[in-house]
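Engineer: One structure is given below, represented as structure tokens, and several questions about it will come after.
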Amino acid sequence: MAPAWSFRLALLLLSCNAICSLGCHLPHTHSLANRRVLMLLGQLRRVSPSSCLQDRNDFAFPQEALGGSQLQKAQAISVLHEVTQHTFQLFSTEGSATMWDESLLDKLRDALDQQLTDLQFCLRQEEELQGAPLLKEDSSLAVRKYFHRLTLYLQEKRHSPCAWEVVRAQVMRAFSSSTNLQESFRRKD
């Protein structure tokens, strides 16, 4: 009798967990990895921001893609994935390799790659639960356009040190916003 009762209790608890929450809980290590990425981005700074004031530009970061009361956790994971993926791609270009120390870039790319692995796992879990793609097309497009503007800016400025400094600072802000979004969902859980 005891085994049947414990089986039913276990089944009830598992069902409640699936119903009461989203299927994906990013590990606490993911939050630590976010902080590591921000630290590494900070260490990439080679040029004083004050010497690049004339190069500043408003790239119109799509803050609404990372905020708003209508953004669900599953959609937020998709946006986080999109920001992380584009950050990885940006710092995997030849231009970034000529600007910064390769070992520091490798550490950054490794940290971003781990983030992508965690987020992809969560995306698969959420898509299985919801049965549909999670990212609103307008959020995805806004993030892609933002990173496209950064790429065009670098090309326009011929990948100058100040252009990379401006882009690095922009990416830090974007990544910081995405980290804050993730932390707000973690506090709600």
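Sequential numbering from 1, following the chain as shown.
Including glycine, each Cβ sits where the backbone N, Cα and C put it.
What Swiss-Prot lists as signal peptide is 1-23. Among the features that Swiss-Prot reports, disulfide bond is placed at CYS24-CYS122, CYS52-CYS162.
Buried or exposed, and what's around them? Tell me for each listed feature.
Structural biologist: DSSP gives CYS122 (disulfide bond) a helix state.
In the three-state DSSP scheme, CYS52 (disulfide bond) is classed as helix.
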Engineer: In three-state terms from DSSP, label CYS162 (disulfide bond) for me.
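Structural biologist: In three-state terms, CYS162 (disulfide bond) counts as helix.
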Engineer: May I ask which residues of the same chain, at least 6 positions away in sequence, place their Cβ under 8 angstroms from the Cβ of CYS52 (disulfide bond)?
Structural biologist: CYS162, GLU165, VAL166
Engineer: Rank the disulfide-bonded residues CYS122, CYS162 by the number of other Cβ atoms within 10 Å of each Cβ, and give the residue at the low end.
Structural biologist: CYS162
